[in-house]
C-alpha cells in the first residue's frame, strides 16, 4: 500500500478522514444511478462520501473489473462501499452483487412489482433511459437547445414569435442557465433578454418586448447576492457596486409591478429548481415527456 | 364523465386506448423521481403510460391534492396508477401511500439500509438533490455553461486556453448540445468549432486549433443521418446534398486520421450518452461531483 509521507509544509493539521466510497454503477450512462444515489446520500448531509461512477458495465468482464474496484475501495478504507446500481441484465447484476459491499440494487424488486401490477413482462434492455434519438421528442429537445442559444442574452429579438417563454431580468440573475435547462430537460423554447440600464429608465418595457408581454417571466435575485456575483465578474466596477445594483433592482421591480409580469426570486435555487418552479407558476407545458 | 363525440373527419380509426397513469411525485423538483421512473418504465418499451409529474408536494394539503389526482386517474381508467415518489417526510409519504395505486416508494427501505450500514441517522430534508447553490461546484457549473455559450460554434477562438475540451465536427453533428450538456451536468468547460468547407480543404487543422490539438475531440455521424438533419434545416440546398455531405465526411475523417484526433460516431446516441462516452474515452475529469 502506498503511504504518503508529508513534508513539513504539507503536514495536515488533522489526520485525513477515511471516507466511505459510494459507487454508481450502470450498463448505460449511470446518470439514473447517480441521480438517485446523490439524492439518497444528500439525506446524510453531514457525511462525506468518496463518489465513483462506473458507466457502461455491459459485459461480464467489465462487471468483474467493477467488482475489483469496489473490493479495492473496501480494502483501502475498511468500510463497505455503498453500491447503487441500475443494471438490467441478471447475469451482470449478479456479478456486481458479489462484491463485498452494501448493495443498493435500485431496479431489483421495483421492476417485478411494476410487471405484476400491469400484467406485462419487461423487455430488458440497457441504456434506454434517455429516449430514442429518432423520436420527435428528441428532435424537439435539440431544436430547443439551438433556439435558446440563438436567442440568448437579447442576441436577437426577431424570433420571439417562436418562443414559448422569454425570461427577463437584470444582468447575472440566472437567465442563461435557466433557458438552457428548460430546453435540454423539457424541450421548451426559451429566449432571454437582459434589462439593462437603458431599458430600466422608464417603467415601460423595451419596444422589442412589448408585443410579447404574455410570454415574459422575470427572474429576481437578492441585491446582496447580485453584488457578489457581479463582483466576481468585474470587481470594483460601477456595474458591480451596491448603489448600482440597488437602483436596478428598484427599477426592475417597478416594471414587473406596472406590467404585471410574473416573477420569481431565484437567489437560493438551483437551475433545476428555477425551471421546475417556472413550469408550475406559468402552467407552461413541456414539449417532451 | 365527459364523453367526446367525434365529428366524422375526426373519427379515430381504432378505439382510443386506455392508458395507465404513472405519477412522479416529490417534495422537491421531482427530477429524481422522474429520472428513475422513466428509466424503469423504459423497461416496458411496448407499453404506453400517461405520465404526470407533481413536484413540490411539501404540505399535507398538497399531498391530499395529489392523492385526489391519483384517485381521479384510477376512476377514469379503471387501472391502478403507478406512483413513483421520492418524499422525505414520513407524514406526507403516508398520505400519498394512501391512494388507490401501485406505490413504488423509492426512498423507502433504501434510506434505512444506508443508515444501518453507515451507522448514521439521516437528517431528512427535501430538495437537496441538486446541490447547494453557494457551493464552488455550483459556481463551476454555471461558469461552464457561460463558457460553452461564449465559445459555441467557433464564435471566438481566443479563449481556448481555458477550455477543458474542444469539440470539432461537421455542421450539425451534435457539437452544441453536447457542449452544453458537458457544462451543465459535469461542469466541464467545452468549446466547439465546426469544420467547414474551407477548413476541410487540406488535412491540416485550422490555425486557431493547431495549438490545442491535445484538447480536440471529434464527433462523427453517419452520412445518411447528416443529410437528413441538414435537409430538415435547409431543404434542397447544396449544404444538405448527399454529394456535399459525402465529400465533407471523407475530408474530416482524413483530418482525424492524419492528426490522430480521438473521435466518436454519435449517430445513435443521446446527448447524455455522447457526454458520458467522451469522459470515458478521454479520461477527462468532471469539475463537479
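Glycine is no exception: its Cβ is also placed from the backbone N, Cα and C atoms.
These come from TrEMBL:
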type: BINDING; residues: B:169, B:170, B:171, B:172, B:173, B:174, B:175, B:176; note: ADP binding site
Item to check | Candidates from B:169, B:172, B:173, B:176 close to chain A, where binding-site residues are judged by Cβ under 8 Å | outcome: B:176
Next on the checklist: I'd like to know which of the binding-site residues B:171, B:173, B:176 has the most other Cβ atoms within 10 Å of its Cβ.
Outcome noted: B:173
Checklist entry - Just how many other Cβ atoms lie inside 10 Å of the Cβ on residue B:174 (ADP binding site)? => result 24
Item to check | Residue among the binding-site residues B:170, B:175 whose Cβ has the most other Cβ atoms within 10 Å | outcome: B:175
Item to check | For residue B:174 (ADP binding site): DSSP state (helix, strand, coil) | outcome: coil
Checklist outcome for this item: Note: in the chain of residue B:169 (ADP binding site), residues six or more apart in sequence with C-beta under 8 angstroms of its C-beta are B:175, B:192, B:194, B:195, B:218, B:219, B:220, B:221, B:252
Checklist entry - Within 8 Å of the Cβ centroid of the ADP site residues B:169, B:170, B:171, B:172, B:173, B:174, B:175, B:176, which other residues of the same chain have their Cβ? => result B:192, B:194, B:219, B:221
